[in-house]
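Annotated features, as they stand in Swiss-Prot:
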type	residues	note
SIGNAL	1-21	signal peptide
DOMAIN	30-105	domain 'IGFBP N-terminal'
DISULFID	Cys34-Cys59	disulfide bond
DISULFID	Cys37-Cys61	disulfide bond
DISULFID	Cys42-Cys62	disulfide bond
DISULFID	Cys48-Cys65	disulfide bond
DISULFID	Cys73-Cys87	disulfide bond
DISULFID	Cys81-Cys102	disulfide bond
DOMAIN	91-149	domain 'Kazal-like'
DISULFID	Cys111-Cys147	disulfide bond
DOMAIN	151-255	domain 'Ig-like C2-type'
CARBOHYD	Asn162	N-linked glycosylation site
DISULFID	Cys172-Cys239	disulfide bond
Amino acid sequence: MPRSPGLFLLLLVLQPLPALGLGLRSAGGRNPECGPCRPERCPEPVRCPVPGIVARDECGCCALCLGAEGASCGGRAGARCGPGLVCASRAAGAAPEGTGLCVCAQRGSVCGSDGRSYPSVCALRLRARQAPRALPGHLHKARDGPCEFAPVVITPPQSVHNVTGAQVYLSCEVRAVPTPVVTWRKVTRSPEGTQVMEELPGDHTNIAVQVQGGPSDHEATAWVLINPLRKEDEGVYQCHSANAVGEAQSHGTVTVVDRSQYRAPRFPAPDDRL
C-alpha cells in the first residue's frame, strides 16, 4: 500500500534535526570546548609586568596578563594587548608569530591633568589606573598634544679661549612647548656703566647666527660663529630663548689672545747640540 504524501511530510517534520556545526557558543556565551571553571587547575598566578591590566582567558576562568604599550604580542601563544591597544606587525612583510608590538590605537602625545606630557593616551590611562582613585581630581586627559612649558636650557654654551684670526663658535640647546625662539646677544657696557644687550649678528661682518629645530621634538639648537676672531669680540655672549609661556637664558664667555704674543718655537740647530 503506497504511503500518502501528507503522511510522509508529517514524518519528516517529526524527525529530530541533526546538530549543525556552526561554531556557535552556548546560550551562556561560553566556548563549547570549555568545561566547568576550576580555579585550582589554572596555572600559578604570575606577577604581571604591568599591574592593573589583567583579563580572563577565553573560557572566562583563569587570569591572563595583558600586554602594555611596547610589549610583544601576536601568535597562538603570544600575549594579548591591553584595552585601547592593537597588535601591530614590526615588519613590513610577513613576520613570524609572536613578533608583533602592542601600540596605542590613538596616536599622538597628550597633556594630562597633572601637567605632565604622555607619549599617548594609552600611557596616560595606564598611569591613571596605577594612581590612587581616592585623590581629588583623578588623572585624565586635559588636551591633545604635549603640555606647554617655558624654555629649559638643556645644553648651555661653553666658554672658549683662542687667538686672533681663529674660528670659534658657541652653541646652546633649548626645549620648550611651544617650540621656543632662540637668539644670541652680546653683553656689553655703556659709557655710563649700564648693561647693554647687543642683538647678533647686527653689523658684525665676521659673526653669523644659525638656529634649527631639534635634535628632538620641541627643541631648538642655536650657534653663533665668529670668523675671524678679533680682540674686540672678547666678552660674554647670551643664548636667549622665549615662547608664550616664559623665557630662559644662558651665558658663555669668549676670551681672545693676540696671536702676535705667541712666537714660533725655535728648535736648536744641529751645531748647537755640540
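Using the three backbone atoms N, Cα and C, a Cβ is placed for every residue, glycine included.
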Mean predicted confidence [pLDDT] for the domain 'Kazal-like' (91-149): 83
Which listed residue (Cys37, Cys87) has most other Cβ within 10 Å, given these are disulfide-bonded residues: Cys87
Cys42, Cys73, Cys172 filtered to the disulfide-bonded residues whose C-alpha is within 10 Å of Cys61 (disulfide bond): Cys42
Position of peak Cβ density within 10 Å, selected from the disulfide-bonded residues Cys48, Cys65: Cys65
Where Cys147 (disulfide bond) sits in the secondary structure, as DSSP reduces it to three classes: coil
Local Cβ density at Cys73 (disulfide bond) - other Cβ atoms counted within 10 Å: 22
Cys81 (disulfide bond): tally of other CB atoms within 10 A of its CB: 26
Listed disulfide-bonded residues Cys65, Cys73, Cys87, Cys111, Cys172, filtered to Cα within 10 Å of Cys81 (disulfide bond): Cys65, Cys73, Cys87
Nearest-integer angstrom distance between the alpha carbons (Cα) of Cys111 (disulfide bond) and Cys42 (disulfide bond): 40
Disulfide-bonded residues compared (Cys34, Cys59, Cys111, Cys147, Cys239) - highest count of Cβ atoms within 10 Å: Cys239
